[in-house]
Amino acid sequence: MAQLYFYYSAMNAGKTTALLQSSYNYQERGMRTVLYTADMNSRDNRYKQIKSRIGLYASARVFNIKTNFFDQVVTIHQKDIIHCVLVDECHFLNRNQVIDLSKIVDVLNIPVLCYGLRTDFRADLFSGSLWLLAWADKLIELKTICYCGRKANRVLRIDDQGLIIRDGNQILVGGNNRYVSVCRKHFVEQLESPLSLTKRVYKNR
């Protein structure tokens, strides 16, 4: 039986690499996959390249807040059988889209693998993550580490000087270099510290 999977982590845990590897595993066995990634400023049915930090890449359909995953996958599936749907940056999904993905699993019997962040720089859940935590059949945490060596499960947003940013929009387009993954302990300490992240890391060594 197909299932809906949610692979979540802090930043730089290899989510995109894991997605591309999973897609490759299907394709290596002659099975067809459909990949999606977020682009909130594009129209449906356009394509975008998914690229991992280690250089792996693949073409993917883009989704925005208007994308109907179920209708799209039904149309594609009728022309050529789909064996797996994989969604990158799934934290940008909304409630209806998560339900769409569950229908792909339950009605079409196609597994859906979603990869994304669980929480933002304030440790608040993203919309997509909230609904996937409620609707997914399987929850899998992908692990990365804090500068102290503990498991990182939070992200901090920083400015050019390494100072912690505590307020602002939840989504910062193209701002991956503005985030640092840390453990819960150092997430709280950083929010309470006047030091820049760089000075704080040096002090803790």
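Our numbering is plain: 1 for the first residue shown, then up by one each step along the chain.
Using the three backbone atoms N, Cα and C, a Cβ is placed for every residue, glycine included.
Quantities reported herein were computed from a predicted structural model and do not represent experimental measurements.
Residues or ranges marked as ATP binding site in Swiss-Prot (evidence: sequence analysis): SER9, ALA10, MET11, ASN12, ALA13, GLY14, LYS15, THR16, ASP88, GLU89, CYS90, HIS91. Annotation comment: Swiss-Prot describes GLU89 as active site, proton acceptor. The Zn(2+) binding site annotation in Swiss-Prot covers CYS146, CYS148, CYS183, HIS186, and the record cites sequence analysis as its basis.
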List, in sequence order, the residues of the same chain other than CYS146, CYS148, CYS183, HIS186 whose Cβ lies within 8 Å of the centroid of the Cβ atoms of the recorded Zn(2+) site.
ILE145, TYR147, GLY149, ARG150, ALA152, VAL182, ARG184, LYS185, PHE187
In the three-state scheme derived from DSSP, which category covers HIS186 (Zn(2+) binding site)?
helix
Would you identify the secondary structure of CYS146 (Zn(2+) binding site) according to DSSP, in three states?
coil
DSSP on CYS90 (ATP binding site), three-state: which is it?
helix
Of the recorded positions listed as GLU89, CYS146, CYS148, CYS183, HIS186, the one whose CA lies nearest the CA of LYS15 (ATP binding site):
GLU89
Where the distance is taken from Cα to Cα, which of the binding-site residues MET11, ALA13, CYS90 turns out closest to HIS186 (Zn(2+) binding site)?
MET11
On the three-state reduction of DSSP, what should I expect for ALA13 (ATP binding site)?
coil
Which residue, out of the binding-site residues MET11, CYS90, CYS146, CYS183, shows the minimum number of other Cβ atoms inside 10 Å of its Cβ in this structure?
MET11
